[in-house]
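I have a structure here, written as structure tokens, and I will follow up with some questions on it.
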């Protein structure tokens, strides 16, 4: 497959990130490597979206701290970004609404085709009037040819950085003006862009808990967007999926990363990290990056059992 015929993917991870661990970052890296090896996908970006403060989880530190820790954790990555949108809303947002927000935002700022899992490739280009004999539209009439794949990916990458990139320390993070003029308007007919939910097997397993998830949301998350699962602790993902009628229904939309099931980062968790911090356990350096540890110590986070 050529670059233009492969599905271009943005991986979106929602969660507490309380704190963000090396395991979270490795989850992105492992998912990207796996998708690339299939030959069907090109991962062009990753988004870390920390949950709103009103989520109500015991021991959840302020989103201000979590956003800064997340940014410190990805500061050396050239493709993973932190997005504060979820934290800045008036109240907690569902995973479904976060996915829909990013899909709609990327439609507006890139002009790319953003499709659902089952959308055929003839999907109309969002944001362009559909008329017979429609020609590519440019603000600069001197542009002689349609944009190349490289130009398109550059535009998407630029937009993704503007949307997601936040830098501590600031009182309030700045992200993209959704009404901003991003320059040349092009019809990106060649590129199909999809946002996939990235998660661990623990989140996948939570879909099987009766009443925990809204079934309509599950239909959208799994049926429309799709999921990339990075198993933890050698979890049996086939067994998990067989326990949910919706997961069984959309099994083909769930991609399980099958690499090293004994990957050392697969046992790392935020809970283990907090416990290590509370007990002064030196193994915390195996769980968290040094900039995150330094920030935690400086801010005196997670120093007692309540979080």
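Indices start at 1 and increase along the chain as displayed.
Even glycines carry a Cβ here, placed using N, Cα and C.
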Swiss-Prot has 16, 17, 92, 95, 200, 202, 212, 213 binding NAD(+). Which one of 32, 40, 232 is in the same site?
232
By the record in Swiss-Prot, which of 87, 164, 199, 208 is the one labelled S-palmitoyl cysteine?
164
Would you mind telling me which one of 70, 112, 165 Swiss-Prot calls S-palmitoyl cysteine?
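Among 70, 112, 165, the one Swiss-Prot marks as S-palmitoyl cysteine is 165.
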If you take the centroid of the Cβ atoms of 24, 271, 272, 273, 274, the listed ATP site, which other residues of that chain have their Cβ within 8 Å of it?
18, 19, 21, 268, 269, 270, 275, 276, 287, 288
Long-range same-chain neighbours of residue 92 (NAD(+) binding site), Cβ under 8 Å, sequence gap at least 6?
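Correct list: 51, 52, 54, 55, 56.
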Which of 24, 212, 272 (the binding-site residues) has the most other Cβ atoms within 10 Å?
24
Looking only at DSSP and grouping its letters into three states, which state does residue 200 (NAD(+) binding site) belong to?
strand
